[in-house]
Amino acid sequence: PLPRFTACYVVVNIFLIMWISAVRSLSRSGGTCTSCILQSQTRAFTSLPETHEMLRKSCRDFAEGELKPIAAKIDREHLFPKKQIREMGKLGLMGVAVPEEYGGTGLDYLAYAVAMEEISRGCASAGVIMSVNNSLYSGPIQYFGSEKQKQNYIAPFMSGERVGCFALSEPGNGSDAGAASTTATLSGDSYSLTGTKAWITNGYEAEAAVVFATTDKSKKHKGISAFIVPMPTEGLSLGKKEDKLGIRGSSTCNLIMEDCIIPKENLLGQEGMGFKIAMMTLDSGRIGIAGQALGIAQASLECAMEYAGKRLAFGAPLLKLQSIQNKIAEMALRIEGARLLTYRAAVLKDEGKPYTKEAAMAKLAASEVATFASHQAIQVLGGMGYVTEMPAE
């Protein structure tokens, strides 16, 4: 098998290739200076539009003032931050890329990635609640729903008063949409759904779910359909709340349906479109997850730097020690590489270009740097990294 290279290594090589290409173009054309070409080639990676910078600042201010002070309590006590989610709705964060006509902010996915990072930097639980509502729940309805479905199931969920969830995974199938054992049977003007969905984020707080079920087993993955299921609904119940390793402010549970009746008009798109809807939704969802992971990684880096700047050892701050500097540098390097991959995936989506591969790369790189940076932060903090009073834990 080929060796695995870090995202940062890949990004650096991309820049080198771009630079070499620019120099060759210059030598052929006799054009402007190399530095000007290099500047134009990298401009997209060195600055964000003014609107996005303003959004970043407002999200950071909110996260610093409203989320960060209570993040530990939210996680420790499994608290859903209802008040803060409502405030996020007022700021337009529960539908960043949703059109204004449906109550959203009407920005693009690059803005969404930026906002996700800043909110998650303050509180990972708030970040995942925001992510699911923005992309996994609202996304499929926005792109495949009827006008009536958009008005009924997107607009009321943009204020933060309500949140939605996404039900694809099953206990035996994971995210393999083509192997869904949950069934949907049409009878007259309604569908009957039977089956169990697993790992449902926001399950206990959600007031609607996008659910995937089999309408024709003979067609395999082409027999999967998508539905909007109001919550609560007769025939639908919730399993126990999972006691997770982290991100405990967002509930996770099974969604159990036993002859759960929903109107025929709640079919999303057409019968047999479910697999396509699921795959497209997961593509955009990966950008949100990458943004969330970046926020966690950035918070870990800042925690390590702040502590190392104050903690004295051998007559000087820890930050003066080269071994600590190496850890900080490696964290910063990997974070920046993952951030560039995330921005690239978002921009490709915004431009209407294929982005499946880039979104997957961004999610992988950002998720890995989140675990790496949090572990490194614990190492920098030493014993203090292992106690709950410090954010690294």
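Each Cβ is built from the backbone N, Cα and C atoms, and glycine gets one as well.
Keep in mind that this is a model prediction, so the values were computed, not measured.
Look at TrEMBL and you will find 50-161 tagged as domain 'Acyl-CoA dehydrogenase/oxidase N-terminal'.
Looking at the domain 'Acyl-CoA oxidase/dehydrogenase middle' (165-260) alone, the prediction's average pLDDT is 94. If you look up TrEMBL, you'll see 165-260 marked as domain 'Acyl-CoA oxidase/dehydrogenase middle'.
As annotated by TrEMBL, domain 'Acyl-CoA dehydrogenase/oxidase C-terminal' applies to 272-392.
The transmembrane segment feature in TrEMBL is assigned to 7-26.
Across the range of the domain 'Acyl-CoA dehydrogenase/oxidase N-terminal' (50-161), the DSSP-based residue counts are 85 helix, 0 strand, 27 coil.
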